[in-house]
Amino acid sequence: MLRLILTLFLISNIAVTEVSATTITLYNKCPHQIWPGLQPTAGKPIIAQGGFNLPSNNAYTLQLPPLWSGRIWARDNCSFDATGHGHCTTGDCGGILSCNGLGGTPPATLAEFTLGNDQDFYDVSLVDGYNLPLTITPLNGNGKCEFAGCVRDLNVMCPMSLQVRSSDMNQVVGCKSACYAFNSPEYCCTGSYGSPQACKPTSYSRIFKLACPKAYSYAFDDPTSIVTCSMANYLVTFCP
Ligand SMILES: *[C@@H]1O[C@H](CO)[C@@H](O)[C@H](O)[C@H]1NC(C)=O
């Protein structure tokens, strides 16, 4: 009898999990339009053709299928022709409007999601650098459903050696991570630095962490930057 009840419970639980897709709303509070990009982890489906235009002060709600994982970022200062080919100053995905599974060129602030049956994991990562402020707010979830994100403007405090400037050189439009800028084991946590014990914060990652304590600043940053939450929907805000 107990086994029967347990089986029924499991079946109903699975059914609930399968019908309740996760809703994610992308909200552009930047004073200018952006082009969000969405890259699924290998083997997961492409959502919204991988990218689209989002005008200032507009929101777009998407359904993520169960167990989806991937990253979401903003592309900035894009221009595309009628066929969807062009270029973005930051976050560009191979010069196409619909990224179709491609990732963005660093530096770009990333919202990372791994949806689970019981628990979702999410974080905002500066491991690939920074282009815009970005936050993740969980809505109506259970558990450790904390805010994640980077609210400050890191471009204005970006060290010279990490800066990405607009083509007229007037403006800092992105801030590279030290790993992306220098590609050395110490900053990328590779080789003999390939463990949390060996790969410590650096003067560069500390700048990111100090400004944005609720974001992942380097590959082996404190795992408290990762949040777990269940049964939630999510709001991703660009320029909160
Ligand atoms: C925006 O893109 C144009 C064309 O590629 C470029 O000339 C300009 O410098 C960019 N502006 C910024 C702020 O990135």
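The backbone N, Cα and C atoms fix where each Cβ goes, and this holds for glycine too.
Taken from TrEMBL as is:
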type: DISULFID; residues: C30-C239; note: disulfide bond
type: DISULFID; residues: C78-C88; note: disulfide bond
type: DISULFID; residues: C93-C99; note: disulfide bond
type: DISULFID; residues: C145-C229; note: disulfide bond
type: DISULFID; residues: C150-C212; note: disulfide bond
type: DISULFID; residues: C158-C175; note: disulfide bond
type: DISULFID; residues: C179-C188; note: disulfide bond
type: DISULFID; residues: C189-C199; note: disulfide bond
type: SIGNAL; residues: 1-21; note: signal peptide
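Within the same chain, residues at least six positions away from C78 (disulfide bond) with a Cβ under 8 Å of its Cβ are W35, N53, G86, H87, C88, T89, D92, L97. C99 (disulfide bond) is 21 Å away from C30 (disulfide bond) when you measure Cα to Cα. Between the C-alpha atoms of C150 (disulfide bond) and C189 (disulfide bond), the distance comes to 22 Å. Other C-beta atoms found within 10 angstroms of the C-beta of C99 (disulfide bond) number 25, with every protein chain shown included. Under 8 Å, Cβ to Cβ, and six or more positions away along its own chain, C93 (disulfide bond) finds G37, Q39, G50, G51, R75, C99, L102, G103, G104, T105. Here is what falls inside 10 Å of the CA of C189 (disulfide bond) among the disulfide-bonded residues C145, C158, C175, C179, C212, C239: C179. A distance of 12 Å separates the Cα atom of C199 (disulfide bond) from that of C179 (disulfide bond). Considering only the disulfide-bonded residues C158, C175, C179, C188, C239, no residue lies within 10 A of C229 (disulfide bond) on a C-alpha to C-alpha basis. With respect to their backbone Cα atoms, C145 (disulfide bond) and C212 (disulfide bond) stand 18 Å from each other.
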